[in-house]
Amino acid sequence: NHTVGSGFVLLGFSDHSSLQSLCFTVFLVIYLMVLTGNSLIALITVVDSSLHSPMHFFLRNLSFLEICYTSVTLPKMLVGFLMEDGRISFLGCAAQLYFLVLLGSIECLLLAAMAYDRYIAICDPLHYTLIMSRGLCIRLVVGSWMVVVPVQVGQTYQVFTLPFCESRGLHHFFCDVPPLLELACADTFWNQVMLYTIILVFAILPFSLIVISYIKIIGVILKIPSVLGRHKAFSTCSSHLGVVTLFYGSATVVYLKRRSRDSADTDKYLALFYTIVTPMFNPVIYSLRNKEVRSALKR
């Protein structure tokens, strides 16, 4: 009853077969918006000298991550809608899982680094340029990649060395750890342990640092005597706070609640938020809420 290397079938939204053409059009438009918006943000933060601050350095890396993140899932989804075929090879599924969890983990660490940047900017503005040097920013980004890459290689290897049962239908629109473990014909206890350990280290811990940073930031903002000053200080954080809420809100529900057959559809729709909706809204959030980005876009 075991199959090895025969691939999987991404069931995705196959239960809405009459809407395949509409889904293809909608997700194609979303993908083009993600590519255009994030590429534009990355471009202007490189060519415009007024956007060479640490905050915009992190924003550029976030935009690059979002382009890669959506490119791992959306093209395969579009092919599935167009051809009405959700088949994916064993190696293709492994590659998709690896890059998805890799980029997702790095995004969590990057959002924490951006929160630290905002904390220093508001709570210790006199030492901001000294603390948030270009060298520190580069080390934070490069260090995130160096820490996450070997860990996710290990997790991907651990998942895909499991024996999989004859049923190959994944109740998802991309290869992810929880639906893959449901197809395993073996004890997945240690896989579950590793999954939740990785979530703890690369998701919950960075989120805790973000929360602590914003508690301190809010404490400092409330001490500012003028309403205009408080509004100006908070406006520098609101874009980042919006992205964190969108990304973590949906991802937390999907990975930390108990998964069941009944919740599979709900998990798929929630996954759309942190894999597709958040990357689509990132450029909008940062361009509309950031006066410097708006000015650079006009120029």
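Using the three backbone atoms N, Cα and C, a Cβ is placed for every residue, glycine included.
Annotated features in TrEMBL:
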TRANSMEM  19-46  transmembrane segment
DOMAIN    37-286  domain 'G-protein coupled receptors family 1 profile'
TRANSMEM  58-83  transmembrane segment
TRANSMEM  95-116  transmembrane segment
TRANSMEM  136-153  transmembrane segment
TRANSMEM  193-222  transmembrane segment
TRANSMEM  234-256  transmembrane segment
TRANSMEM  268-288  transmembrane segment
>> Do any residues, 6 or more residues outside the transmembrane segment (193-222), come within under 8 Å Cβ-to-Cβ of it, and if so which ones?
In response: 101, 105, 108-109, 111-112, 115-116, 118-119, 122-123, 148, 151-152, 154-155, 158, 177-178, 181, 230, 233-234, 237, 241, 244, 248, 251-252, 255-256
> Which residues of the same chain, at least 6 past either end of the transmembrane segment (136-153), have a Cβ under 8 Å from a Cβ in it?
Replying inline: 54, 57-58, 61, 98, 101-102, 105-106, 109-110, 113, 198, 201-202
> Do you know the mean pLDDT across the domain 'G-protein coupled receptors family 1 profile' (37-286)?
Replying inline: 88
